[in-house]
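As recorded in TrEMBL, the features of this protein are as follows:
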| type | residues | note |
| --- | --- | --- |
| DOMAIN | 9-389 | domain 'Major facilitator superfamily (MFS) profile' |
| TRANSMEM | 46-67 | transmembrane segment |
| TRANSMEM | 79-96 | transmembrane segment |
| TRANSMEM | 102-124 | transmembrane segment |
| TRANSMEM | 136-158 | transmembrane segment |
| TRANSMEM | 164-186 | transmembrane segment |
| TRANSMEM | 207-228 | transmembrane segment |
| TRANSMEM | 248-268 | transmembrane segment |
| TRANSMEM | 280-300 | transmembrane segment |
| TRANSMEM | 306-327 | transmembrane segment |
| TRANSMEM | 339-361 | transmembrane segment |
| TRANSMEM | 367-385 | transmembrane segment |
Amino acid sequence: MLSLFKDARVVALLLAATLTILSNSIISPALPGIEAAFDGTPNAALIVRLLVTAPALLVAAVAPFAGALADRFGKRRQLLIGVVLFALTGSAGLWLDSLPAILVSRMMLGIAVAFIMTAQTALIGDYFDGPMRGRFMGIQIAATNLGGFVFLLIAGALADRSPFFPFAIYLIALVYLPVFWISLTEPRRPTAEERAQMPADDGEEGWMAKLIAVVTLGGLTFVCFYLIPTQAPYFLATIGHPEPTAAALLLAVMMLSGGIFSLLYGRVRMRLGRAMTPALGYLGYAAAFGVLAISGNLAMALVGALLLGLAVGFVMPALISIVLDVAPAHRRGFASGAVATSIFLGQFLSPLASAPIIAAVGYSETFAIVAVLMVCLSAMTVAFFRERRYPAYA
């Protein structure tokens, strides 16, 4: 694993991945303070809540176009533009003096995240293949989970001083920018003469159908997974733990568990293959939501959070790796954009989809329904994705 970090591109791509985790939840601890600061603004309560979800909606809308732009005009260039836009729009809450203006800046932040995420994922496909790519994907999920954990702690501390100070965290992108500029290179495009002599790169047979399957899985996965970030405080209150520290502990356990288990992804993928690795992850999701369905105390809920981390660590790198495996090189930007759309659209739709079900049947029954759905998704991964064996590595 340490050999990977000798490649400066690895460090740069991991730093880029940590930026994407900042798009939604980093200002969550500051929301009550922001609402209080703009209490005279019409519909302030609604607008403040949209500050969290607006970036996800814009990523979902823009990512397919951003992916196509990366394929056409260059992935490195798009990533650099996205990073500058990320710093400017993300930190805008520090100096904007109206709530609607901050909302517009959050929407622009979603465009920046779409640029970064699609270009970064496509560059992974260009730079790495085989087991090296699988190992990198596991490390990336670990980096985003652990980075999100650290940044949330910092945001909470800053929000205690001012509800607008957490916006300053987005300026970290400017610190990363020289690393991206120096370390990342645009993969050389073959000339027309070279392309004529090369074997056709049409991707894996049926790659578009497999991409559609991954997009479907990604969307459903995040609709279900975001039940926890959006509903955890309310669920824990029903089992006797309304205190904010309980929800924070549950989310922290989930993030740390996801970071740890994702480090194992590369070796698990090598042994179980492309289909069985996410299938195992979905069974982890099923077990996690099954435990949450029968949880009557905080300890049981934390066991469910631990299992959720295992599931995240195996499913997400597997889905992204599958897309990079099957898509032709010249369509990786488009494919990455499609996956980004499904992930962020799932995040946005999760509370809208889950709220009426929870209102109708309650948390335990909702979690049980999700557990059954996850078993079905496990079977779907086995049905859709053929195994590709890689040679062993040390």
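Glycine is no exception: its Cβ is also placed from the backbone N, Cα and C atoms.
No curator has checked TrEMBL annotations; they are predicted automatically.
The recorded stretches the transmembrane segment (207-228) and the transmembrane segment (46-67) do not share 3+ CB pairs below 8 A when only pairs 6 or more apart in sequence are counted, and are therefore not in contact. Segment contact is absent for the transmembrane segment (164-186) and the transmembrane segment (46-67), given fewer than three CB pairs below 8 angstroms at sequence separation of 6 or more. With respect to Cβ pairs under 8 Å, the transmembrane segment (79-96) is most closely packed against 102-124, considering the stretches 46-67, 102-124, 136-158, 280-300.
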